[in-house]
Amino acid sequence: MESQQLSNYPHISHGSACASVTSKEVHTNQDPLDVSASKIQEYDKASTKANSQQTTTPASSAVPENPHHASPQPASVPPPQNGPYPQQCMMTQNQANPSGWSFYGHPSMIPYTPYQMSPMYFPPGPQSQFPQYPSSVGTPLSTPSPESGNTFTDSSSADSDMTSTKKYVRPPPMLTSPNDFPNWVKTYIKFLQNSNLGGIIPTVNGKPVRPITDDELTFLYNAFQIFAPSQFLPTWVKDILSVDYTDIMKILSKSIEKMQSDTQEANDIVTLANLQYNGSTPADAFETKVTNIIDRLNNNGIHINNKVACQLIMRGLSGEYKFLRYTRHRHLNMTVAELFLDIHAIYEEQQGSRNSKPNYRRNPSDEKNDSRSYTNTTKPKVIARNPQKTNNSKSKTARAHNVSTSNNSPSTDNDSISKSTTEPIQLNNKHDLHLGQKLTESTVNHTNHSDDELPGHLLLDSGASRTLIRSAHHIHSASSNPDINVVDAQKRNIPINAIGDLQFHFQDNTKTSLKVLHTPNIAYDLLSLNELAAVDITACFTKNVLERSDGTVLAPIVKYGDFYWVSKKYLLPSNISVPTINNVHTSESTRKYPYPFIHRMLAHANAQTIRYSLKNNTITYFNESDVDWSSAIDYQCPDCLIGKSTKHRHIKGSRLKYQNSYEPFQYLHTDIFGPVHNLPKSAPSYFISFTDETTKFRWVYPLHDRREDSILDVFTTILAFIKNQFQASVLVIQMDRGSEYTNRTLHKFLEKNGITPCYTTTADSRAHGVAERLNRTLLDDCRTQLQCSGLPNHLWFSAIEFSTIVRNSLASPKSKKSARQHAGLAGLDISTLLPFGQPVIVNDHNPNSKIHPRGIPGYALHPSRNSYGYIIYLPSLKKTVDTTNYVILQGKDSRLDQFNYDALTFDEDLNRLTASYQSFIASNEIQQSNDLNIESDHDFQSDIELYPEQPRNVLSKAVSPTDSTPPSTHTEDSKRVSKTNIRAPREVDPNISESNILPSKKRSSTPQISDIESTDSGGMHRLDVPLLAPMSQSNTHESSYASKSKDFRHSDSYSDNETNHTNVPISSTGGTNNKTVPQTSEQETEKRIIHRFTSDRILPSSESNSLHHVVPIKTSDTCFKENTEESIIADLPLPDLPPEPPTELSDSFKELPPINSRQTNSSLGGIGDSNAYTTINSKKRSLEDNETEIKVSRDTWNTKNMRSLEPPRSKKRIHLIAAVKAVKSIKPIRTTLRYDEAITYNKDIKEKEKYIEAYHKEVNQLLKMKTWDTDKYYDRKEIDPKRVINSMFIFNRKRDGTHKARFVARGDIQHPDTYDSGMQSNTVHHYALMTSLSLALDNNYYITQLDISSAYLYADIKEELYIRPPPHLGMNDKLIRLKKSLYGLKQSGANWYETIKSYLIKQCGMEEVRGWSCVFKNSQVTICLFVDDMILFSKDLNSNKRIIAKLKMQYDTKIINLGESDDEIQHDILGLEIKYQRGKYMKLGMENSLTEKIPKLNVPLNPNGRKLGAPGQPGLYINQQELELEEDDYKMKVHEMQKLIGLASYVGYKFRFDLLYYINTLAQHILFPSKQVLDMTYELIQFIWNTRDKQLIWHKSKPVKPTNKLVVISDASYGNQPYYKSQIGNIYLLNGKVIGGKSTKASLTCTSTTEAEIHAISESVPLLNNLSYLIQELDKKPITKGLLTDSKSTISIIISNNEEKFRNRFFGTKAMRLRDEVSGNHLHVCYIETKKNIADVMTKPLPIKTFKLLTNKWIH
């Protein structure tokens, strides 16, 4: 069999390297490997390669060593060798060996005779001997022996003289490695098979097919020994040969057994790689086959993922299924199951189409492809069924529409082809004649053809479901075809002109008719094999004929190129003319929807989803066939590319593949972490990490900043370290695109050192995963170490370094080695490592005294980099030291904050640890804390000073008994102090040094004196202390006392009548800074008020006799005027002060130096004269009482985040309060929701439903109001872009709980040319509303509240404006013209105001009060208008109802509250929650609103603590140092300040006038969000939260005379603002009810207190006059206007007739104007005592008691 196949190729040269056996293999029962031909070729190639590598060597080296034979070869016999012959390793029987010659000379070998070796070999030379067969047995080969005299000397003669009788077999290659033995055995077995010895090869069961002879065994052994040297044999083979060196059969048996186990896996892989499916078999069977293969491979450890499996499956799809390649090629995450769903869908569709056709017989061996047979046909590639070719697809499908002209193309006369042809007619080109056939052109062909077409023939197409032809001369019974849609393999439409019949007249004189479609738009005339099968005709490609099922041959098949053809000579021509067919056009009904249109209509879904939905009828109205899918594959939607753009995917392992060529320390990853805030200056704020790609060795370096020179120093260090320590050069450094890496300095450094920087792409942090993961791991370790050890935060980098040391020593699960091992370093000696934070005792080698202890408690951090020592932290010295002189402290707590220092014997160390703590805690305060059994959780870390030292005079007085302290009490206090365990603070001073172990020079802190009042919650008493400051102005405002005030400031003497006091420093909490308070006796604690005995405090005798009475200024007027002034003050909500005797100052204050005022600083309580005058004796409060006086930031408030962060040192901001006015671009706080927030992504189902309902309500209202012109839509290109306004929907929840949607225009981007900037949108002023409410209470008015729905839409718009339609209309490319004033337009408010104003005046009989917009009145009703909200006031409720009826005639008016009840009625009017009972009272508050809003601000509240007594305390200054923040952090804090101050301003403006000073001061610092400012803001919000239930209380006035009384109380605080600006404040009262307040910084810099007071009064007069006019318009009663101030000098100037005083004053002009205003407007100027001046809360921070005293009458 083998020789027969070889004889068919006589032209192959025996000496050629490619002369390999390509025939089929021997019978399967003799071939246990079942190796395919492709594998044989691989083996032959490997053999050829091995043989070609053999070179000519000396004879002594040609024979391999044989350890199994002890006898050497005879010396006379030349050893076998590979001589210098061209035909290497080829042998034949023509070359005989000497008789009886033994190849190895072994005595046991069977003797050989000539011609007894394999005749299939030809020896390369006479000296190269090969194994022989014994002559007694005869040759086992089936071929005869060649002639003996035929010898070949070289390749040329071999090629020329070779005869067909010589048979050549390629020998196996030489074995060169034990690892190559499995592959070598395969070639060895193939060698035996080709030598006709396949029967002796063991089968699967280990036994040969036939017995093996001795000669064959000898041949087997000798061949094995030649080509398999013993030194290259595997161990298991050597083990077999050591037992029996001739047992080659056992080696073959075991090798085959091993190969069988690998064959299944190899077959599965080959099968999976060569999958083919076209629908000819059931889809279920194909799926089962594929899944079984994948499962077997997965079970054997060969994992085939979904992506690879899907690619292999799709590569083998053909026919109808090939389309899945294009629809699936972009789906990276598809699964095998999803792919088979699509395959099943197409298969089921095919089966349904076949069932609808007539049954016909088909040859299953020939028909392999099925295609769709329904109307929407497909023309896939032609599949030629040539069993000897694997690539049978049409290669020229792209030329289907490019038919070229070829008029001289020859054709084939198929009559000369025999019916019994067994070989395919192969035409290489049109001019190639094969087997004597002649090509002639068909006479019926009148159509141009392409170059690769066989003219005059029909192309046999197994994939086409219909027959198509280009020429009309063969179509019978042609007719138009409006209902047939045909697409090609690329799913492109093929227009069809006509349909008819194609009639064949075959060789057996039978006629057959097929349906044919006419189209000139194809490259070939196609004959569908499916339609032939329908008429019982099949194509047999083995015989190359068309035949019927009974075997009758009808016509021959010609193979030309890659395709098969049938001659057109069998077609019968028709009489139809060509123009008749070509004039047939497609009906209009065949028009299809373009795919881009459907893609856009269906929300830009992908083509596969759309087709699947159409197939399953999930979309109705049209079918899949109604869509033109021809462009679906190649269509790129630009909107999808933009809207669905994603980042590229990171392929796992791609980095390793790219970087695997680098050696250790050649590729580094680096990244920077930081900053870490709130650290001392000596502690690093950043660290930079490096990771080696190969070894994963890590380095970390501390950084104090990210400047380029700092980064450059680190790079220089790490490169030098790697070069010197590891003898390596860094080639690449990967880093992100931070400015610290991309700067020019570092770039030049890397370029100079030949290092390639590898940057990540934009927004691709995942590409920097190595460095990012390292930083995350180190930070996790750092947080854990600090938490476990309790060490302070400034040691954070020590924790990082400790973690790096340990991580470099731990083995990686992937590499099974540590980074140190990869780097060639020794492992970490754990005996030298201590737990992080381990308590130790360090030897002090330089104690202060020889008798002092020499041990200092400390905490171990990490091994030293620079020595064999250990880095240890010493809390008592606030330093870290590098030492080996330490002892581990056994059995002690490991945490610093749990360390029991009292258990140690180092008393001196204990004193050092607690020194700073003792500096700010007095003994009496500890005694009070113990007496009350109060545990203070206050953290003193912010109050610690570096090495504080108590002033000796203060400490001596603090611990010595005084006259006011009983000795027994002092003794008890001392005992309690000694028993108190004082713990070292967690945070340290910012000036800690880590390099010097010696204590720094100690400094003392200067005690400060401040004024502190008691709270409601304390219970303990503390004295009020005057805060001494430079007094530049007297309190009585007389200029003659200024010099005396200055003398007092420098005076060292006080009154001698006071009890001695001792000043001790205390901790600052609750909004106050460090203060010094005097110790007093209990008898002194009841003393409250002390007057400053200075010349500027001298009062008239009347005031001295009765301080608690208000004393009007006496003039020359009558007693009636004096009574008027008294009546003005009579019913005001002023505090009631009991008379108290004056007290004197203590002598102890004589020793205290004056403290200079920081008058250039912004202060929450500057040092004005009225503020400097404070009380001395008051209740003294213990330290623990301050624990709820919150003065900590958000970070330090929450105990879980005690380690706060300091601002990074990146950007400096200068504190300029004036910058607040310049900034106009601060984004307002957005309280509304967008559509996606309210509906699309809203997870609250109930809220979402309410917003949807509101949305539909708004849309209906827009349509109802005819907001836009619905008759015409405009194209966007036709309209000027300036007149196009963007629009959007916004959603919010109203105060009453209803949900509202509003369609608004984007007025913020409206062009200035589209509106009149002079028009204004007016709303009612808050003072007008408060005035109307106050008059309503006094006159028993009814209050009715209305709302006009969609108010702006009632106003027409004059300008020509266009908007984009709402989204639900689906007309994004169109515009509509506005007809109404849409919300959001800049002119809408003004248009609505003019519309409603005109209607109220003309239709309702109202008139607008002059100077007060949106306040309308008539004789019975007053209306306050705020956009669409109306508040009606009238004495008769029917009058309100009449107005309501008229409003409803024009507007959609809704009654919110009619107000007809005589009981208490609750209103919600413009944000105010009002409780009103006619004729009795009115309460104004915002409790519900604040309860809802404040928690949403994310402010750290303290709900469980005691309430604050005041929003701030006096004596606290805002530090004006430069603020250093990162840009993002700065913007975040400014935004937070905006939210907090915005809410506070809203509340203060509405009714909390007592907070206006604090709000105004903090509002000036919105752009300066320092930690201190944020702390104050949090404290303010906390106070608002604690007092959210407070209300502004009004009671109905009961005047003696029917008059209205309007009073303004004024006050000023001189020079307590930056740049010596003064704070002024005014409170307005109507009939004793506070209706408004104002606190602001004076616009002018005043030179004295009197000038500041004059400025404050002059600022209040204009508003006072306007309010007077409004009151007279609304209530026709006489009005009395009063002006109250506590500055007598101001009053004397105003009422003085001596004009000479004004000439010597800077404020003379203002004073003159003020005097004219007072006299011209009949203002009554009165004096009010400072202690009763409620306007004092508008100008300065007050002590808690004073604050409550001045506000509890009107806010409670």
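Every residue gets a Cβ built from N, Cα and C, even glycine.
The Mg(2+) 3 site in Swiss-Prot is built from Asp1611, Asp1686 plus one of Glu1579, Glu1653, Glu1717, namely Glu1653. When Swiss-Prot records Asp1428, Asp1429 as binding Mg(2+) 2, the matching candidate from Asp1338, Asp1347, Asp1528, Asp1529 it lists for that site is Asp1347. The region 'Disordered' annotation in Swiss-Prot falls on one of the ranges 1142-1173, 1174-1205, namely 1142-1173. In this structure, the C-alpha atom of Asp1428 (Mg(2+) 2 binding site) lies 58 angstrom from that of Asp671 (Mg(2+) 1 binding site).
Take the mean position of the Cβ atoms of Asp1347, Asp1428, Asp1429, the recorded Mg(2+) 2 site; other residues of that chain with a Cβ within 8 Å of it are Leu1346, Ile1348, Ala1351, Phe1426, Val1427, Met1430, Lys1454, Ile1456. One residue stands out among the binding-site residues Asp671, Asp736, Asp1347, Asp1428, Asp1429 for having the most other Cβ atoms within 10 Å of its Cβ: Asp671.
According to DSSP, the region 'Integrase-type zinc finger-like' (583-640) comprises 25 helix, 4 strand, 29 coil. Across the structure, Asp1347 (Mg(2+) 2 binding site) and Asp736 (Mg(2+) 1 binding site) are spaced 58 Å apart at their Cα atoms. Looking at Asp671 (Mg(2+) 1 binding site) and Asp1429 (Mg(2+) 2 binding site), their Cα atoms lie 58 Å from each other. Broken down by DSSP into helix, strand and coil, the domain 'Reverse transcriptase Ty1/copia-type' (1339-1477) contains 37 helix, 50 strand, 52 coil. Regional average pLDDT for the domain 'Reverse transcriptase Ty1/copia-type' (1339-1477) in the model is 89. In this structure, the C-alpha atom of Asp1429 (Mg(2+) 2 binding site) lies 56 angstrom from that of Asp736 (Mg(2+) 1 binding site).
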